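Listed in Swiss-Prot for this protein:
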type: DISULFID; residues: C2-C18; note: disulfide bond
type: DISULFID; residues: C3-C14; note: disulfide bond
type: DISULFID; residues: C8-C17; note: disulfide bond
Amino acid sequence: GCCHPSTCHVRKGCSRCCS
């Protein structure tokens, strides 16, 4: 799934950032 832009670079479980 996608992660919030603020935590995208921090969370390893996300495949991409949410726009």
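Any Cβ shown, glycine's included, is placed from N, Cα and C.
Taking the features listed in Swiss-Prot, we show where each one sits on the structure.
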{"residue": "C2", "record": "disulfide bond", "Cβ within 10 Å": "11"}
{"residue": "C3", "record": "disulfide bond", "Cβ within 10 Å": "17"}
{"residue": "C8", "record": "disulfide bond", "Cβ within 10 Å": "14"}
{"residue": "C14", "record": "disulfide bond", "Cβ within 10 Å": "15"}
{"residue": "C17", "record": "disulfide bond", "Cβ within 10 Å": "14"}
{"residue": "C18", "record": "disulfide bond", "Cβ within 10 Å": "12"}
Hey, how far is C14 (disulfide bond) from C2 (disulfide bond), Cα to Cα, in Å?
6
C-alpha spacing of C8 (disulfide bond) relative to C2 (disulfide bond), in angstrom:
8
Quick check: in three-state DSSP terms, what is C17 (disulfide bond)?
strand
Could you state the whole-number distance in Å separating the C-alpha atoms of C3 (disulfide bond) and C18 (disulfide bond)?
5
